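Novice: Taken from Swiss-Prot, the feature domain 'CP-type G' covers 62-218, and the record attributes it to sequence analysis. Swiss-Prot lists THR112, LYS113, ASN114, ASP115, GLY162, GLN163, SER164, GLY165, VAL166, GLY167, LYS168, SER169, SER170 with the feature GTP binding site. The Zn(2+) binding site annotation in Swiss-Prot covers CYS241, CYS246, HIS248, CYS254.
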Amino acid sequence: MSIRKTGIVFQRFGKQFKVFVENQTLVAFAQKKLQWKRDFKLLVGDKVTLENGVIVAVEERKNTLVRPKVVNVDQVVIVQSLIEPKINWQQLFKLLIHFHAQNVARLVLVITKNDLEFEPAEKARLSELTSFGYQLFFTAPNADLPLTLFTELQNRFSVFMGQSGVGKSSLINRLDSQIHQAIQALSAHQFGKNTTTSTVMFPFQNGFICDTPGFNVIDFPNLKQLAAQHFVGFASLIGQCHFSNCTHQSEKGCFIVSAVTQKSYSLWLYESYLKLIN
């Protein structure tokens, strides 16, 4: 008699998959017909059906991230520092564009190393982002983590990602001491060394946390086209542009350019958009 169960893929190694099933961890193989499907690969976050320890079906995905390669994400937690390493706004905007385009419902920004001195203008820019619905938290090594951060993570599949050296793995360890991640100090050149080498998922407060490899530079396909639709704050404005394919530069009837002129949309954000696409 076959026994069918449902679970979530949380790690892949070779042709084997680790799957959370009823609060247990099972090691499973994918059925051959799944392996033979063209351009299909099981990914961390896939909701699967197992039959006698073999993955026989995969549920339709609600979203698919390119970097990291994770699916069915409820929210992304972008971990960033303002200094050591200095915040890279262009990289942050690229991430926000990608996640908006992939219909990630919630985006959370966690700023680490808040005990270090940094330019007040940088903090003001971050606060400006909260007006567009992003959740913002500040943390420091010797201070307790905000309780509201724990609340944000409950009952959700949260993917953590960030530039190398910002303290992403250290933050996860503080959230749950049982999630042990290797930590390395910043290199002499102020670039962090990746402490996470693969995408891994952990149970956390009735949800999951997914740690991902750090990065120094990251790019996504079709970024310019996606930016015109998904840049910060554009969603409520682009429908009022005269042309549906408006790139928000010099086109006649661009509502975003008009909003910048009338100071109802941030000049700093608009200039950041132009820098990104040009």
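The backbone N, Cα and C atoms fix where each Cβ goes, and this holds for glycine too.
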Novice: Once the chains shown are all counted, how many other Cβ atoms turn up within 10 Å of the Cβ of CYS254 (Zn(2+) binding site)?
Specialist: 20
Novice: Among the binding-site residues VAL166, CYS241, CYS246, which residue has the largest number of other Cβ atoms within 10 Å of its own Cβ?
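Specialist: That would be VAL166, with the highest Cβ count within 10 Å.
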Novice: Find the one among the binding-site residues CYS246, HIS248, CYS254 whose C-alpha lies closest to that of VAL166 (GTP binding site).
Specialist: HIS248
Novice: Applying the rule Cβ within 8 Å of the centroid of the Cβ atoms of CYS241, CYS246, HIS248, CYS254, what extra residues of the same chain belong around the Zn(2+) site?
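Specialist: Leaving out the recorded residues gives ALA228, ILE238, HIS242, PHE243, THR247, GLN249, GLU251, GLY253, PHE255, ILE256, VAL257.
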Novice: For SER170 (GTP binding site) and CYS254 (Zn(2+) binding site), what Cα-Cα distance in Å is obtained after rounding to a whole number?
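Specialist: Here the two Cα atoms lie 44 Å apart.
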Novice: Looking at the binding-site residues listed here (CYS246, HIS248, CYS254), whose Cα lies nearest to that of GLY162 (GTP binding site)?
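Specialist: That would be HIS248, the closest of CYS246, HIS248, CYS254 to GLY162 (GTP binding site).
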Novice: Check SER170 (GTP binding site) against DSSP and tell me helix, strand or coil, would you?
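Specialist: Where SER170 (GTP binding site) sits, the three-state DSSP reduction gives helix.
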Novice: Neighbour count first, Cβ atoms within 10 Å, every protein chain included; then name which of LYS168, HIS248 tops the list of binding-site residues.
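Specialist: That would be LYS168, with the highest Cβ count within 10 Å.
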Novice: Max Cα-Cα distance in Å among THR112, LYS113, ASN114, ASP115, GLY162, GLN163, SER164, GLY165, VAL166, GLY167, LYS168, SER169, SER170, the residues listed as binding GTP?
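Specialist: Greatest Cα separation within the listed binding residues comes to 19 Å.
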Novice: Return one of helix, strand or coil for CYS246 (Zn(2+) binding site), based on DSSP.
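Specialist: Once the DSSP labels are grouped into three classes, CYS246 (Zn(2+) binding site) ends up as coil.
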